[in-house]
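K.L.:
One structure follows; several queries about it will come next.
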Amino acid sequence: RASQQADTERLSRWKKWRRTSSKSLRKALSEVKGLSSYLVLWQRDIHSIEGKFGTGIQSYFSFLRFLVLLNFIIFILMFSFVTLPIIISEYGIFNSTIAYISPKNIDDNCTIYEPSGNKGLVYFYTYIKDLFSGTGFLEVTILFYGYYTIDAVWISIMRYNLPLAYLLATFSYLALSFLWIIKRSGEGFMQNLVHDADPFQSYCNKVFAGWDFCITDPNAARLKHRSLHYELQTDLQEEKLKQKIAERTMKEKLRIYSLRIFINIIVIAILSGCFYSIYRVTVFSQENSNVSIRNDTRTHSANLLVQYLPSMVITLANFIGPLIFSYLIRFEDYTPAFEIKLTLMRCVFVRLANIGVLLFSLWSQISDCAADKCEPCGYNYKLYPCWESDVGQEMYKLMIFDFIVILAVPLFVDFPRMLLVTHCSCKLIQWFGYQEFGISDNVLEIIYGQTICWIGTFFSPLLPAIATIKYFIIFYVKKIVLIHTRKPAARPVRASASNFFFLMVLLIGLILAFVPLGVSIAQIPSSKACGPFRNFNTSWEVIPDTILDFPTVLQQILFGMASEAFAVPFFMI
Amino acid sequence: AYKRFSELLPKEERESAFSARVPKNQILTLPELRANPFQHRICHVFSTSETKDDSMSFEDFLDMLSVFSDSATSDIKSYYAFRIFDFDNDGTLDRKDLEQLVNCLTGQGEESRLSSAEMEQLIQNILEESDIDKDGTINLSEFQHVVSRSPDFARCGSLQR
């Protein structure tokens, strides 16, 4: 401090003024930052969770907050570009009208589509059934693709090309999610890189720089002590284990490798079993939901149970799979850190692949072209005159069921368990104990929900709104469950790695969502009876059509951009 | 900062805060130090009292805050960190210092300490990583070298105001 004082005396007046002004500027900025933290959603809640339960669990909740914001923005995007023009034109604001272009060269049979929007008197429970299965009165609302059977909207003199807007909005929300996730994971990536790249420094780093001097709460201090203790212990154990592995004899190595191959085969067998059962159940559910073509109606008289059968099977598979994996991995004799990573990878794969199998089985039904069922239109037009709405309904059902399960599990499992453990001193119950907050399980749950949302938004533009509300409610539910029924984890988790891991898995989910969307947009012929892409062969055709309408110069530029000489370096950069 | 210092003094002495010394137990009531396992060392290092009772004057208080602020350079921080970790004040971090350091980090109480085998292994690893001249202790320059390559140090050593 004495040296600082000596320095200030030597400086000229100008520099002194600069210094004081920069100091006051910094003070003002930090005060503004402090104020703005009040505006951030849930800031205080997340702080209190961090103080009581540690940074690992806090990273789960800030991840949840990120997803709420992401879904909200996606909803605003889709709503303003796709739904709003239609609503405007329906009420005739700004002198807007809707333009229908009658389809040319299309067989009349393809365009028959009469959603049974509950005509006449119906029982009340039909409304409830429709609410849960997305059929009936919901089918003809803006919730699903089928409503957007409009080719253009005229607002005063401007022609708003709805099909193009629909497709571009889809691409833009995918790109937005992609960029936002990458930006968020950028910070975590650097930290991860440093952690991994310098293993021989890790002990010094932990010991000399381990204590966070900002902790003021004794509870948080206790947590930090525990996490440091645990980290040091695991590191030492891993080191011992690595030494042991290096000293393995040839015979032992052979035994372990063959055991690992065997267990991997078991894992693959279990996965195939899951996939096959999902396929069969989806086919069964679809067959029993579509009724008598003779009556020319598609009444969903099937039981709600049958409709939800695919969702139930998927949830069951998502629940059993991880249990089996965590049991099996003990036999494979890896280091603890690698064990955790491998189990997580397998669980991620199960969850995301289940959605893929569901979609695949749906498509196999839609494109089921045996016996000339799809002759005129390219898809099974009798059973699925508006197949995008059907896919949208399946995604809607998946999302609703996921939400119900997330609400029901705390209600029927966690709270009774907590009550039992607190009040009943029977030894068996005490052995169960309080449950820990399994971060990775919860994270995979919400990533699964988010992947469904991404895939489903193309078929059901209001799905992000439902997802936003769902995650909003889940935040409060999980927070209540955490505070009342959980004990602090005995194994604290490192926050930076967790954050980065969540975002990576989310990215995997997003990239996986690209595949079904790509196939739907570019491969499968769009329905001729509903939707904005009636007049095109596939949904993707909107874009080449629009480009052909551009002036020739622009066309040449665009073709030049799309040509390989340009695109490859562009993507690399 | 002056306000906070004078709050620690009993009422009568507040007028002459500039020259008064605050006893150690009062300093430890500061929120930043309350939960800190190195509280005693911090008081000891920053106190310039001749009677060795670890009381701090206003100047010492300012010294402490300036070292822990964001604008202190990493050299200053690592110098003071070295002095804080040096439990026996002999100018080097030997095995006993490291052992006490680790025990502070893992918490008070018997069940939160590492076993002696683990402690041995840990201290061995630390010395391998940081002891360049292989003399079994870490001196100031070795400490500063190790800390400069550590990514977490800058973040941990600053108190938020």
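Please read every residue number as a count from 1 along the shown chain.
Using the three backbone atoms N, Cα and C, a Cβ is placed for every residue, glycine included.
Take a look at what TrEMBL says about it:
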type	residues	note
DOMAIN	A:386-496	domain 'TMC'
TRANSMEM	A:63-88	transmembrane segment
TRANSMEM	A:137-157	transmembrane segment
TRANSMEM	A:163-182	transmembrane segment
TRANSMEM	A:257-279	transmembrane segment
TRANSMEM	A:308-331	transmembrane segment
TRANSMEM	A:343-363	transmembrane segment
TRANSMEM	A:395-413	transmembrane segment
TRANSMEM	A:452-477	transmembrane segment
TRANSMEM	A:497-519	transmembrane segment
K.L.:
Examine the transmembrane segment (A:395-413) against the transmembrane segment (A:257-279) and state whether at least 3 Cβ pairs sit under 8 A, considering only residue pairs 6 or more apart.
P.N.:
no
K.L.:
Could you give the mean pLDDT over the domain 'TMC' (A:386-496), rounded to a whole number?
P.N.:
80
K.L.:
Cβ under 8 Å, sequence separation of at least 6 from the ends of the transmembrane segment (A:497-519): give me the contacting residues as numbers and ranges.
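P.N.:
Beyond its ends, the transmembrane segment (A:497-519) has Cβ neighbours at 56, 59-60, 63, 170, 174, 177-178, 181-182, 184-185, 188-189, 191-192, 195, 344, 348, 352, 355-356, 359, 363, 439, 443-444, 447-448, 450-451, 454-455, 458.
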K.L.:
Same chain only, please: residues at least 6 beyond the ends of the transmembrane segment (A:137-157) with a C-beta under 8 Å from a C-beta of the stretch. Say none if there are none.
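P.N.:
Cβ under 8 Å, 6 or more out: 82-83, 85-89, 94-101, 113, 115, 117-118, 127, 130-131, 163, 166, 386, 388-389, 392-393, 396, 458-463, 530-532, 534-535.
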